[in-house]
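Asker: Below is a structure I'd like to ask you about.
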Amino acid sequence: MSDRGGAGGSRRRRTGSRTSGQGGGGGGPAAAEEVRDVGASGDAPASAPEKDKDRDANGGSGSWDLRCHRLQDSLFSSDSGFSNYRGILNWCVVMLILSNARLFLENLIKYGILVDPIQVVSLFLKDPYSWPALCLIIVANAFAVAAFHVEKRLAVGALTEQAGLLLHTLNLVTILCFPASVAFLLESITPVGSVLALMTYTILFLKLFSYQHVNLWCREHRASAKAKAASTGKKANGGTNGGAAQPPGTVSYPDNLTYGDLYYFLFAPTLCYELNFPRSPRIRKRFLLRRLLEMLFFTQLQVGLIQQWMVPTIQNSMKPFKDMDYSRIIERLLKLAVPNHLIWLIFFYWLFHSCLNAVAELMQFGDREFYRDWWNSESVTYFWQNWNIPVHKWCLRHFYKPMVRRGYSKWVARTGVFLASAFFHEYLVSIPLRMFRLWAFTGMMAQLPLAWIVSRFFRGNYGNAAVWLSLIIGQPVAVLMYVHDYYVLHHEALAAEA
């Protein structure tokens with residue numbers, strides 16, 4: 001270090017010991033230090049340009065500073081403020097690819113190529129001349145038309161609100177019960193076909209529920225506007241705007257009650273009805289083509305991964321379950337977690353980005369917020385609020401807020417939302433499999449205590465890791481439970497009878 005305590009700011013001349021210790025002569029940095037260490041006393045005085053150069057080299061200070069250390073934290077310390085871990089992220093991706101490539105190669109060596117497109121067709125049809133699932137989906141149109149005609153009569157006053165509510169309730173209950181009865185009793189329908197049909201009817205149920213709610217709100221608004229106009233002695237407009245000027249191109253109640261409006265809503269990628277949806281100005285052909293190619297590619301990829309990777313793992317898991325070998329069960333569970341989670345991520349992108357954006361582009365539907373940044377979730381609640389925006393908006397608009405307005409607490413309303421979600425999860429699994437084990441229902445209701453535990457004990461990155469862990473491990477547990485019960489109920493029972 002420099003000697004700043006000397007009188008007159010003099011500097012010491014370094015001895016030649018450091019220079020001689022360098023080896024190979026006195027050049028390089030040691031020589032430069034020797035030159036710069038010439039002191040003011042006993043040596044030739046430095047010229048003015050040399051003094052200026054010395055000040056510039058040392059931050060403008062008149063003394064020479066040899067310090068090379070400063071107060072700072074290591075990069076991995078949280079106090080350092082460092083956040084650029086792009087290289088580590090790339091390393092994780094490379095390691096993930098290599099590890100999964102090894103697993104995939106091991107799978108190919110052990111089982112060979114198991115991908116069979118013909119087998120996929122058999123999952124939808126038992127008899128090529130019998131299409132029960134498709135017939136069920138076509139029949140669903142009758143329930144939409146029934147709801148439309150009820151709304152038409154309510155709009156002109158041909159039905160009372162109580163009668164309209166009763167008819168809508170009967171229609172909605174039939175939407176859930178009719179396909180469930182057919183899927184449960186008809187032997188010619190396959191489990192996959194049943195899932196598609198029940199999913200279609202579930203979406204129709206949610207859409208018509210919203211359709212009925214919004215039109216009811218419009219009638220209530222129209223009635224209140226008429227009452228207000230009558231009290232002020234003004235003539236009320238027949239629409240929902242209470243006499244205010246409508247922007248050009250907008251539709252007001254009851255002008256929205258047309259077949260074109262109804263079927264646009266039924267095919268639009270949303271569950272919440274509006275009289276005037278946001279519309280995009282044109283169809284972008286390149287964007288649409290990319291989404292269609294993604295749909296085709298990821299469909300093939302999912303089918304291949306399920307046949308090649310998941311099915312053998314599930315089949316090999318039956319014996320540990322039968323023997324109740326817990327260590328092998330855990331090993332099978334962890335082995336199934338990787339392909340299951342990968343397929344779930346691909347399915348998310350395929351459905352919420354590729355499919356819904358393709359439908360929205362065709363219909364020029366403007367609201368493309370089908371998901372938010374659920375991957376950054378630091379709590380279970382945030383995940384469920386952001387991974388499926390169409391369902392979240394429906395639950396918030398038609399379930400949660402109406403319950404809160406009626407005086408229920410937020411906790412009760414949130415529990416009710418999870419109960420409804422648990423019911424539909426079980427509805428879409430148990431009926432196609434023709435067995436009721438309530439694993440899906442239990443898994444959904446378990447989200448309530450899990451959300452409390454994560455929010456109470458885990459914060460920040462730890463909360464995000466807990467959410468990811470619940471997604472990676474939770475789904476394979478439910479898959480194995482249902483597959484095991486289905487195997488025991490169908491295959492072992494048939495073998496025992498034989």
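Cβ coordinates come from backbone N, Cα and C, glycine included.
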Asker: Do you know which of 163-186, 259-282 TrEMBL annotates as transmembrane segment?
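Answerer: Feature transmembrane segment in TrEMBL: residues 163-186.
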Asker: Identify the transmembrane segment range according to TrEMBL, selecting from 211-230, 411-430.
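Answerer: Checked against TrEMBL: transmembrane segment maps to 411-430.
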Asker: In the same chain, who gets a Cβ under 8 Å from the transmembrane segment (292-311) while lying at least 6 residues past its ends?
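Answerer: Apart from its flanks, the transmembrane segment (292-311) reaches 104, 107-108, 111, 113-117, 119-120, 336, 339-340, 342-343, 346-347, 349-350, 353-355, 358.
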Asker: CB neighbours of His425 (active site) within 10 A?
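Answerer: There are 18 of them.
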Asker: So, taking each listed stretch (129-151, 342-363, 436-454) in turn and counting its Cβ pairs to the transmembrane segment (192-209) that are under 8 angstroms, which one gives the highest count?
Answerer: 129-151
Asker: Which bits of the chain, at least 6 residues beyond where the transmembrane segment (129-151) starts or stops, bring a Cβ under 8 A of a Cβ in it?
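Answerer: For the transmembrane segment (129-151), the nonlocal Cβ contacts are 159, 164, 167-168, 171, 174-175, 179, 182-183, 186, 188-190, 193-194, 196-197, 200-201, 204, 208, 211-212, 215, 257, 259, 262-263, 266.
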